[in-house]
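**Student:** Grabbed the feature section from Swiss-Prot, which reads as follows:
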- D25, G154, G215, G236, S237: D-ribose 5-phosphate binding site (BINDING)
- K82: active site, schiff-base intermediate with D-ribose 5-phosphate (ACT_SITE)
- R166: D-glyceraldehyde 3-phosphate binding site (BINDING)
Amino acid sequence: MNIEKGTETVKKGMAQMQKGGVIMDVTTPEQAKIAEKAGAVAVMALEKVPADIRAGGGVARMADPEVIKKIMDAVSIPVMAKARIGHFVEARILENLGVDYIDESEVLTPADEYYHIDKNKFTVPFVCGARNLGEALRRVGEGASMMRTKGEAGTGNVVEAVRHIRTVMDGIRKVQNLPDDELMTEAKNIGAPYDLIKQVKEEGRLPVVNFAAGGVATPADAALMMQLGADGVFVGSGIFKSGDPEKRAKSIVEATLNYDNYDVLADVSSGLGEAMVGINVSDLEEQERMQNRGW
């Protein structure tokens, strides 16, 4: 059977291949090699990790293509890169570079406060963040092949990622329990495409894989998110802002694979050195919360 490259089936299938794995933010080829050796299923190529983006302020944009190309040349695993929300030209540049996935990301400063990228027009698959079922299904309707919780990136605090995965799962359970004649009203209420609401009811899950992201900093955090229903884990600042990145990277991979084995979790949580310095999300002003970007 000949399946055309870039079809919805192919793009979603590529994302399915990452299930159960860890995707790590990297800023150099050396970091990318550490991530690959630790067992990461993919890396996210950036100029700065979210903690540094948050600390630096200003406008955060797509990484320099030269940075991305060097990381792509350094590893054999898939390489992702971020584009600003609504910035379809950045996305086209990333597609031209040959990245394996594009993250239309709230970690970068949005280019458009009203419209997200029409991801159906691209050959490359997209990943997007969501805080609830409606937001997730809107992104899938636009062509996202993979979802992740938004969490609160760059904080080292998993509380918002927990809130978002629980909210999505609660939304799915609600839809499953609705009679068919109430699905259209629910689609209207949460701003989601009706056909995707029907699919959620039938399948009992999102139409695409849903990873945890935003504040995952320890093996225990990764295991927690997996037990709450995530299909895999993104780790941003939590690895290379820690005391022993190589050991922590391996430990988070092991914890994600063995998320319900407490013997393994106790072992991989031991002797990791200092974790990244965290931020209490409650201390952030509303305008400092990256999760509020997009709709």
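Any Cβ shown, glycine's included, is placed from N, Cα and C.
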**Student:** Specify the count of other C-beta atoms within 10 Å of the C-beta of S237 (D-ribose 5-phosphate binding site).
**Tutor:** 26
**Student:** State the Cα to Cα distance, in Å, between G215 (D-ribose 5-phosphate binding site) and R166 (D-glyceraldehyde 3-phosphate binding site), rounded to an integer.
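**Tutor:** That comes out at 15 Å between the alpha carbons.
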**Student:** Which of these recorded positions has the least crowded Cβ, counting other Cβ atoms within 10 Å: K82, R166?
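**Tutor:** So among K82, R166, the recorded positions given, the one with the fewest Cβ atoms within 10 Å is R166.
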**Student:** Taking 8 Å from the centroid of the Cβ atoms of D25, G154, G215, G236, S237 as the cut-off, which other residues in that chain fall inside it around the D-ribose 5-phosphate site?
**Tutor:** V49, P50, A51, A153, T155, G156, G214, V216, A217, V235, G238, K241
**Student:** If you draw a 10 Å sphere around the Cβ of D25 (D-ribose 5-phosphate binding site), how many other Cβ atoms fall inside it, taking every protein chain shown into account?
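**Tutor:** Around D25 (D-ribose 5-phosphate binding site), other Cβ atoms within 10 Å: 28.
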**Student:** Just to verify a number: CA distance, G154 (D-ribose 5-phosphate binding site) to R166 (D-glyceraldehyde 3-phosphate binding site), in angstrom, no decimals.
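**Tutor:** G154 (D-ribose 5-phosphate binding site) and R166 (D-glyceraldehyde 3-phosphate binding site) have their Cα atoms 20 Å apart.
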**Student:** Run through the Cβ atoms and count how many others sit within 10 Å of the one on G215 (D-ribose 5-phosphate binding site).
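**Tutor:** For G215 (D-ribose 5-phosphate binding site), the count of other Cβ atoms within 10 Å is 29.
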**Student:** Please classify the secondary structure at S237 (D-ribose 5-phosphate binding site) using three-state DSSP.
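**Tutor:** Note: S237 (D-ribose 5-phosphate binding site) is helical by DSSP.
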**Student:** Does DSSP give K82 (active site, schiff-base intermediate with D-ribose 5-phosphate) helix, strand or coil?
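**Tutor:** The three-state answer is strand.
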**Student:** Spatially, and counting Cα to Cα, which of the binding-site residues is closest to K82 (active site, schiff-base intermediate with D-ribose 5-phosphate)? Options: R166, G236, S237.
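**Tutor:** Looking at Cα distances from K82 (active site, schiff-base intermediate with D-ribose 5-phosphate), the smallest one goes to G236.
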**Student:** Helix, strand or coil by DSSP: which one applies to R166 (D-glyceraldehyde 3-phosphate binding site)?
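**Tutor:** Where R166 (D-glyceraldehyde 3-phosphate binding site) sits, the three-state DSSP reduction gives helix.
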**Student:** What whole-number distance in angstrom separates the two most remote CA atoms of the D-ribose 5-phosphate-binding residues D25, G154, G215, G236, S237?
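**Tutor:** The two farthest binding residues have Cα atoms 12 Å apart.
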**Student:** If you measure S237 (D-ribose 5-phosphate binding site) to the residue listed as 'D-glyceraldehyde 3-phosphate binding site' at Cα, how many Å is it?
**Tutor:** 23
